[in-house]
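Participant: One structure follows; several queries about it will come next.
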Amino acid sequence: MDKKTIVALDFSTRKEVYEFLLKFHEPIYCKIGMELTYSFGFEIVREVKAMGHHIFLDLKLHDIPNTVKQAMKNLAKLDVDIVNVHAAGGSAMMKAAVEGLNEGAKENNGKRPLCIAVTQLTSTSKEAMNNELKIPGEVQDVVIDYAKLVKESGLDGVVCSVHEAKAIHEACGSDFLTVTPGIRMASDSVDDQKRVATPAYAKEQGCDYIVVGRSITKSSDPLATYHEIENTMEGK
Ligand SMILES: O=c1ccn([C@@H]2O[C@H](COP(=O)(O)O)[C@@H](O)[C@H]2O)c(=O)[nH]1
């Protein structure tokens with residue numbers, strides 16, 4: 001997919017999803033997360049896929065390796081484009097995730113979704129990471145260490161904030177995907193996010209994809225805001 005903006009479809013009703021997607025006259029990259037999946041099951045994934053859109057299925061798996069492997073085997077059959085896990089599950093869990101995807105893909109069309117891992121949530125501050133999660137150090141150093149583990153475990157990239165993307169590409173290579181939520185226009189409220197940045201800064205830092213939810217979905221003109229952001233990411 002040549003689009004760089006992944007729109008987070010964090011809606012509570014099917015009606016909102018369809019009213020939103022009908023504004024677009026071309027395929028976009030959508031993120032379907034826990035809110036929609038836990039309400040409507042995988043049916044909503046199949047429906048959005050059938051409309052021609054690309055899908056990042058953001059379920060952030062984090063469990064023992066065997067459970068994650070079997071779950072990924074099933075997710076591989078949905079024909080989505082990206083799935084993810086939490087890097088905090090460790091290398092055995094991440095390797096099991098990829099094994100499950102490969103096995104599921106073999107029973108499907110042979111093509112597995114990309115698998116990426118969340119390093120530290122963009123809603124996590126240094127203070128919370130140090131004092132609540134008991135992970136010492138700077139967020140950037142911890143995220144880079146996690147990214148190296150994710151790469152060694154055979155995954156395709158990470159979810160990180162814009163602020164870590166450049167250093168991750170330097171440490172893990174330019175082919176290693178950086179998918180960055182926590183995107184806000186300069187005038188937007190940051191809401192529950194902590195490590196935020198604008199689309200222009202994400203472009204400057206070389207992020208492969210940005211994930212944008214409320215800045216687009218709650219905009220007075222979602223289509224115009226999407227195009228403004230995507231044009232920035234495409235350097236237009
Ligand atoms: O570290 C992470 C991982 C995932 N997300 C998800 O991205 C969107 C962001 O929505 P906004 O409205 O743009 O804040 C949301 O679906 C999160 O679950 C993240 O924000 N940070």
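Backbone N, Cα and C define each Cβ position, glycine as well.
Taken from TrEMBL, the feature active site, proton donor covers Lys60. Under the heading substrate binding site, TrEMBL lists Asp10, Lys31, 58-67, Thr122, Arg184, Gln193, 213-214. Under the heading domain 'Orotidine 5'-phosphate decarboxylase', TrEMBL lists 4-229.
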Participant: Could you tell me which of the recorded positions Asp10, Leu59, Lys60, His62, Pro65 have their C-beta within a distance under 6 angstroms of some atom of ligand 1?
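Facilitator: Passing the 6 Å Cβ check against ligand 1: Asp10.
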Participant: Can you tell me the three-state DSSP label for Gly213 (substrate binding site)?
Facilitator: coil
Participant: For the binding-site residues listed here (Asp10, Leu59, Pro65, Gly213), which one has the lowest count of neighbouring CB atoms within 10 Å of its own CB?
Facilitator: Leu59
Participant: Can you see whether DSSP assigns Leu59 (substrate binding site) to helix, strand or coil?
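Facilitator: In the DSSP reduction, Leu59 (substrate binding site) maps to strand.
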